[in-house]
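Colleague: Okay, so TrEMBL annotates it like this:
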ACT_SITE  HIS221  active site, tele-hemiaminal-histidine intermediate
BINDING   GLY55, SER56, GLY57, HIS58, LYS106, ASP111  substrate binding site
DOMAIN    9-350  domain 'DhaK'
DOMAIN    386-598  domain 'DhaL'
REGION    354-374  region 'Disordered'
Amino acid sequence: MKSKAFFSDPTRIVDHMCGSLAAQNPSLRYDDENKVLFRPIDQNEKKVSLISGGGSGHEPAHAGYVGKGMLDAAVCGKVFASPNFDQIISAFDRVATPRGILVIVKNYTGDKLNFGLASETYQAQTGIPTNIVTIADDVSVPYSRGKLVGRRGLAGAVIVHKIAGAAALRGLDLSQVSKIAQHVSDNMATIGCSLDYANLPGGHDQPSIPENAIELGMGIHNEPGAQRISPQPTIEQLVGNMLKLLLTESDPEHGFLKFQGIPQDQSELVLMVNNLGGLSVLELQAIANVVLEDLKNQYNIVPIRIYVNTYLTALDAPGFSITLANLTPKIFPDTNLLSLLDEPVKMASWATCHPLPNPAERSNSPQHGERARSPAVKQNIACDKILFTAVLQKILAQVTTDEPKLTEYDTLMGDGDCGTTLLAGAKAAFGIAEENDENLANLAKGLMKIASAVRSGMGGTSGALYGIFLNSFVSAVQRNFEDIKEVNIQLFAKSATQALETLKGYTNARENSRTLMDALIPFVNELSKAVFTDNANSSEALQKAVKAASDGAESTKWMVSSFGRSTYVGAGGGEDPTKGIPDPGACGIVSIITAIQSGLQSPK
């Protein structure tokens, strides 16, 4: 299946789209190099900045919601592809304020990692606080199938944009805006369906959903749905199935929308019926009425607000999604969420609605485009530059030796780039020493330079994971040095523990998941135990921690993968070729920490 299109080049279409939005709204600017549409912040506003984004193809999300009262910047990746670190950092630079930045992302691995890496890096480099709220409102995938990766982010993200944007404009601080956004995200649910897949610009022929079938729970990137229904049900049957998944709170696999003991028909529910891109206005409005009738007839629910329009699409997918957000005041008494939702904004993409009775009643400012970044290494933590250089040299030597083995393992388990990617990161880090960089005489500055070099040198998922850990480690070192006052094993152990907790916030991988976490977690935990419980000296503590990491990596030989491309190895039947092979990511961690131990104990 392939339809004709006016744009055959998917890279040009994003620029033209953003250029059009900027031309229509004189308060917006477009950074075409980094594909960032932003509203220059008036520093007198003294507000928290809101940033969102992701792959293009979901318009009007997210660029269409940049404007006063919603987003301050949207980062546009390629079609259905996450934006990269440099693009996201550019958005931070453009709209940051001292009050902080709230990042709102949908729950997809690339978005979480790249926005997370940028957030941790920016906070470490500037001292400007950042928070992330991840939208995961899809209810179509059963809990048991998605418990590790979580629920996908869908059209509910736009409701969070609107409410959080209004809260920020009122002057609430970062923790308050984040709390509101998280609450709204936690109390909404979405399910979508489509008659067919979307057509990608410049794409080749693609498979089609059979003529007399429909995909229930289809993702917004052409991912398969949770269920293919054939023959195609009537719209009444389809909507009935969708609402059942949304509203059956007792369903252990799909009952994500909670009512906290308040009857559904007394709850203040917001309804959004969203066009996934390929429906006519006539059909969308007709579908919305079927939804409203079923809510009333089957559940005695009359929504407090009704939004029917094109809010978040999957290009031209001929489908729709239904979102219900529970804004009942008794569940969140701190703030009137409905008033935030009703706050007027001037942007064409946000189609407002008329206020409706609640359940009880039923029985242009100055603009600045300067970048906000300023150096913010808070602590001058003197360290031995020669020793620092020796450790980096040991890491490069060890990873160079181990790279062929790591590549061999990853060729069997994944895409074969684990060894070469890790080596690229080690070379990038040692490159700082080769430049005789004076920052290596300052522990915080040196670590920050290394974090930046590793992130740029490695790229991809592993680069984001290492980058998040290292940037968080830098921040922790600076905080903890204020109390510890010297560079010692206690400083490293405490900071590593805090960095690990930060990393856990961006991935569900833990021990026994056949990932680098199988080595990193035992290393950090054993280091902390050895230092703070066993009172071991630095040499003994490192020896115990490296042994724990090595044992952890060895234990992955017989594990079943839960994350990454190796998850699919052997899924087609037959003998799993990875049995008896340790996880290359975990082995990479062991290579690095073994080298660190060697460099600290025998620097020459």
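Here the Cβ of each residue, glycine as well, is placed from N, Cα and C on the backbone.
Unlike curated entries, TrEMBL annotations are predicted automatically.
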Colleague: Looking at the binding-site residues GLY55, GLY57, which one has the fewest other Cβ atoms within 10 Å of its own Cβ?
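Modeller: Counting other Cβ atoms within 10 Å of each of the binding-site residues GLY55, GLY57, the minimum falls on GLY55.
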Colleague: Return the residues near SER56 (substrate binding site), defined as same-chain residues 6+ apart in sequence whose C-beta is under 8 angstroms from its C-beta, sorted by sequence, else 'none'.
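Modeller: Long-range Cβ contacts: ILE13, VAL14, MET17, CYS76, GLY77, LYS78, VAL79, PHE80.
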Colleague: Within 10 Å of HIS221 (active site, tele-hemiaminal-histidine intermediate) (Cα to Cα), which of the binding-site residues GLY55, GLY57, HIS58, LYS106, ASP111 do you find?
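Modeller: Those near HIS221 (active site, tele-hemiaminal-histidine intermediate) - Cα within 10 Å - are GLY55, GLY57, HIS58, in sequence order.
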Colleague: I'm checking region-level scores; what's the whole-number mean pLDDT for the domain 'DhaL' (386-598)?
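Modeller: Averaged over the domain 'DhaL' (386-598), per-residue pLDDT gives 90.
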Colleague: Given the substrate binding site residues GLY55, SER56, GLY57, HIS58, LYS106, ASP111 in the record, what is the largest Cα to Cα distance, rounded to whole Å?
Modeller: 14
Colleague: What same-chain residues, at least 6 away in sequence, bring their CB to under 8 Å of the CB of ASP111 (substrate binding site)?
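Modeller: Looking at Cβ-Cβ distances below 8 Å from ASP111 (substrate binding site), excluding near sequence neighbours, one finds GLY53, GLY54, GLY55, SER82, VAL105, GLY153.
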Colleague: Of HIS58, HIS221, the recorded positions given in the record, which has the fewest other CB atoms within 10 A of its CB?
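Modeller: Selected from the recorded positions HIS58, HIS221 on minimum Cβ neighbours within 10 Å: HIS221.
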